[in-house]
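Q: For reference, Swiss-Prot lists these features for the protein:
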SIGNAL    1-21  signal peptide
CARBOHYD  41  N-linked glycosylation site
COILED    130-194  coiled coil
CARBOHYD  353  N-linked glycosylation site
DOMAIN    460-497  domain 'EGF-like'
DISULFID  464-474  disulfide bond
DISULFID  468-485  disulfide bond
DISULFID  487-496  disulfide bond
CARBOHYD  576  N-linked glycosylation site
DOMAIN    709-769  domain 'Sushi'
DISULFID  711-752  disulfide bond
CARBOHYD  715  N-linked glycosylation site
DISULFID  739-767  disulfide bond
DOMAIN    768-821  domain 'TSP type-1'
DISULFID  780-814  disulfide bond
DISULFID  784-820  disulfide bond
CARBOHYD  786  N-linked glycosylation site
DISULFID  795-804  disulfide bond
DOMAIN    819-859  domain 'LDL-receptor class A'
DISULFID  829-847  disulfide bond
DISULFID  841-858  disulfide bond
């Protein structure tokens, strides 16, 4: 938009002064010099012509001067355009930033500045804006070409986040300008402004810019150093890198300031305080200047170090290449000097003691070449001719190698030497050398083998005699007649001759007028009203049409109708101009004709009477605004949000009447001031000042009067009547109160009453606390067993429990179902004991009544059970014992072998009887074989066969074979352990698949019977059973080989 664009234009004019040392400007007294001094060819000495590099400082200075000239040219172009059109807003002085940003604050006459700016003006601004930024880009591009080795992005890593934020903002702003140039519709331009405002705020651009300033100019807490200073430290005395860093950071600062100005102008806020941004630019300028000056003062010491480094890193190259690199590096890094580099056998004996040697030094036997270097320097702008040689303050006389080509010379064109001034061509040179003591004789002896270089041709006089006009500090570059001015903060120019100042004319008065309005009505920002850009005259007409049937208001309108019509006329022609319905000439002519017939003082006096009820028959409190508030309250509930909205709109319009009319008249003054002589201009400026003073006084009066004729703002927490803010109530207003959230309003009604001349509410309303309804009961805290459930209620009020009596929570017991159920993993005993379901049938009497281990419930092996054992290797064979009545009674043993009386893979009920020899009774060692007790894997057991009560035998394996034999004398009477005396009859019953198992043995389990000699093994049909170590000593993986030792158990 116009406001922002011109703010940006002025910003160039305000800020480019900071670039007068960016990089520092160097000025010299430069004598006339021939364009080129021809040098004779030499067979003894290589003297390649060294072209003086264009210095970065000179290039950057030139570019910035062009950029500043573009700004001035653009301003002049716009002035010329305005002259052709008679008058235009942009003619008001050079301080367009203050003027336009102020005009943009209020929408009564000027909403967004794009409204009053022609497309052609926007085009000029847009072209200039992008053009100058393009020039700044070209600076960086040029620096890139001068030094491709500088990794700027790596060096400026900490700047990258802020840099991209600013860069994106600038691109958005340029895009906005371009669209505005093409768009003529006022409302669409406003939308573009709003879009930029949202982009600026959402991306926190101003915060990023402030962070950037802080990052650059504030000392780091950890390193105790500022980032910008650290960047300069990284660059050392490399002038190219120093300048690149400075220009890059300066460009980010500059564009960031552009964005802030544009944002404030688009949003119609007061222009930001520029001091912060100017100080930041001054800061980096001064740091940059100081660093460059330090480099100038230490150039000679730095150059010696550079030569050593170059010779060391280029040891593999010839001396010519090394000298070329030295000359190139010194000329690049220290461009304020011209450099001559010479390799010699030696200097003349007394050369070092000569008074003519203050601008050269010798470095002896440097590097692997063992060469002696003589380095001579002088100011790069110093030029002389051979006849001026006696003015030199330095002459280096050197002994060279005549034919060995070991001596080399690199001299710039502005430095005299033997080749450019041979003795036979310039007798003055010979005479000058001959007269110089103490090495005259030595020169005469070695006339043909010496080479000389003369330097230090400074113009007479002090190059700082101008003193930077008293507005800065002047410093002379060592060994030159060049100087550099360090300007004070508010001065600029080559010799600090320009003072930075802003014109304080009508634009300042408009700013004061806006500030007065904001202070009077405590308005922080007018953005919303601005973006609406509403026509105040039309709004007043709508209000009049709505209530013209009301007697009181009609009375006031009739009384002041003519004065309101005059204000309406001013607003009408102002808006017509803003919408380009009339030309600027027509606006000026109509305003001039109107004001010639209607004195300004009288117009505003009548407006004041209407607003303040100060007319002859007016009554305080019965003015236009208070009467209108009564009309609204009669149609709507008093103090409700709709009432407040409508009353606020009227308040805003009335409060801006004075401001809008004054702005319009000041705009007219500013147009006319371009064509007045100094005397009339001074008189008009005084009128403008008086207009502003009177308007500010009246606006303060309006605010005080409306405050006096209104009760204080009705701001009560939770009160639903939110429409009675400051200045929106009136005497006699009655308000029915209510609160939100179920709270009770106390009292229920209040009134705005007069108490001793002051309006106040008849009571102080409040919303008292009360309990809300109880919530529903919560679910039981548990899914089974005894639990609790609760419900709550809230204290509706400001201080919670302090205002409400009684508990906020209730708790009661609840029961869902018994937790001791199988679905919850539990088992309930008959004695009501509850155990885990996993403990049922585990062989332990957990219920203490054997209920959980009953035979009907638990099918596992018990002591006293009859069992049969099927061999796993011979699946049809069963463990069998032999004993019959025919055997002699005194025969105590019987055979143990495999048999297949049982025909299948399990025992049928009849086979338990018919195959009695293949079933054994088993006893466990628990409670010494107590009948009915569970037998677990790992328990000791004993087995016996009983034919009759008198014929029984116990199963035994000894020593390696198994049989039946008598140890105990009767069945069921077996004593385990050492005291029993029948150890060979005891076996461990082991889970064949899990030796560590301690579970009860169940029908169908595969077992191993083992004693201390081994485990029981079947050997095939009708073969005796024996014992071996299989499955006892072997690993688990050997189970397949021990299948004959595995037995499947069956229980009757």
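Every residue, even glycine, has its Cβ placed from backbone N, Cα and C.
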Q: Would you identify which of the disulfide-bonded residues 468, 780, 829 has the most other C-beta atoms lying within 10 angstroms of its C-beta?
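A: Compared across 468, 780, 829, the most Cβ atoms within 10 Å surround 468.
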Q: Using C-alpha atoms only, work out the spacing between residue 576 (N-linked glycosylation site) and residue 468 (disulfide bond) and round it to an integer in Å.
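A: Cα-Cα, rounded: 52 Å.
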Q: How many Å lie between the Cα of residue 715 (N-linked glycosylation site) and the Cα of residue 474 (disulfide bond)?
A: 64
Q: When the domain 'LDL-receptor class A' (819-859) is classified with DSSP, how many of its residues are helical, how many are strand and how many are coil?
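A: Across the domain 'LDL-receptor class A' (819-859), DSSP assigns the residues as follows: 9 helix, 6 strand, 26 coil.
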Q: Which one is closest to residue 780 (disulfide bond) in space, judged by CA to CA distance, out of the disulfide-bonded residues 464, 485, 496, 795?
A: 795
Q: Considering the disulfide-bonded residues 711, 858, which residue's Cβ sits among the greatest number of other Cβ atoms within 10 Å?
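A: Answer returned by the neighbour count: 711.
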Q: Which of these disulfide-bonded residues is closest to residue 820 (disulfide bond) if you go by CA atoms: 767, 804, 841, 847?
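A: Looking at Cα distances from residue 820 (disulfide bond), the smallest one goes to 847.
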Q: Need the DSSP three-state call for residue 752 (disulfide bond) to compare against my parser.
A: strand
Q: Taking the Cβ of residue 784 (disulfide bond) as centre, how many other Cβ atoms lie within 10 Å?
A: 16
Q: Quick check on the domain 'Sushi' (709-769): DSSP residue counts for helix, strand, coil, in that order please.
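A: Reading the DSSP string over the domain 'Sushi' (709-769) gives 0 helix, 22 strand, 39 coil.
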Q: Round to a whole number and give the Cα-to-Cα distance in Å for the pair residue 841 (disulfide bond) and residue 786 (N-linked glycosylation site).
A: 29
Q: Hey, which of the disulfide-bonded residues 464, 485, 804, 847 is the loneliest by Cβ count within 10 Å?
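A: If we count Cβ atoms within 10 Å for the disulfide-bonded residues 464, 485, 804, 847, the smallest count is at 464.
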Q: Round to a whole number and give the Cα-to-Cα distance in Å for the pair residue 464 (disulfide bond) and residue 485 (disulfide bond).
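A: On Cα coordinates alone, these residues lie 9 Å apart.
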